[in-house]
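Participant: For reference, the structure I am asking about is given below.
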């Protein structure tokens, strides 16, 4: 075997979301529609931002990158889940499972870092407007996005290396609809106490720290807005409130799944749906439909 010569397991069996055929059909329709919405919505954002010269501010640059990451994130899990929902035997090869785990954490961690950068961008725009163009120059924005991708890659490679060095020689059933670190390492034929805590301190702390930075950033924005009762500031407050809702939906399930030692619960796979499917679907709605410039660009594109 290419990955992990001490392992005898060549494939894993994914139990999926349900054993009931009627429920699987309903789930297939719902998740197919959600996947289509994520692809179409985020591709539309990318096209609009790239083709409209007026949408050249750092906020739209980060939004374009967020849309691309959302497409990558949901494409790692959703197509496989849709196939399995219509299949009787949901087997995934060991190498494919590790690859899915790697790309999921690569995209997921990159999105966490990018959402943190976007919160910092909003804080700078609202709290330091006179220095905004200097602080968030085009070069700085590119460096920040590169750091997000690099951070996601480093995080993911650490998680993957810690997983593939474990021996897998017994049970191969994963109570989830995709391969993730917690349910996979629980199948290892060795003591995983140290590995569990290493991974929890990696994934869990990244989720928690990014979330705390986001909350701090939006709190500082709120404090600044309370001192200024202009219409523009209250509009910014409304935008920030919607952003806080989205990042809470994304981060809280991640913190719950990854910050604790990896004892699995039956509800874990349903919680995973929130940050793998629901959050990428909400991002284009929250970040664009509440933005007049983007809505105007969509309308112009439609008329064209």
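Here the Cβ of each residue, glycine as well, is placed from N, Cα and C on the backbone.
Nobody curates TrEMBL annotations by hand; they come from automatic prediction.
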Participant: Please identify the range among 60-82, 175-197 that TrEMBL labels transmembrane segment.
Facilitator: 60-82
Participant: Ranges 102-120, 121-139: which does TrEMBL label transmembrane segment?
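Facilitator: Going through 102-120, 121-139 one by one, TrEMBL gives transmembrane segment for 102-120.
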Participant: Could you check which of 1-24, 25-48 is flagged in TrEMBL as transmembrane segment?
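Facilitator: TrEMBL lists transmembrane segment for residues 25-48.
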Participant: Which one of 237-259, 260-282 shows up in TrEMBL as transmembrane segment?
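Facilitator: Range annotated as transmembrane segment by TrEMBL: 237-259.
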Participant: Pop the mean pLDDT for the domain 'G-protein coupled receptors family 1 profile' (41-287) in here, whole number is fine.
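Facilitator: Over the domain 'G-protein coupled receptors family 1 profile' (41-287), the predicted model scores a mean pLDDT of 86.
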Participant: So what's near the transmembrane segment (60-82) in sequence-distant terms, Cβ-Cβ under 8 Å and 6+ beyond its ends?
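Facilitator: Same-chain residues near the transmembrane segment (60-82) but 6 or more away: 16-17, 28, 31-32, 34-35, 38-39, 41-43, 45-46, 49-50, 92, 100, 103-104, 107-108, 110-111, 114-115, 117-118, 121, 138, 141, 145, 148, 177-178, 276-277, 279-281, 283-284, 287-288.
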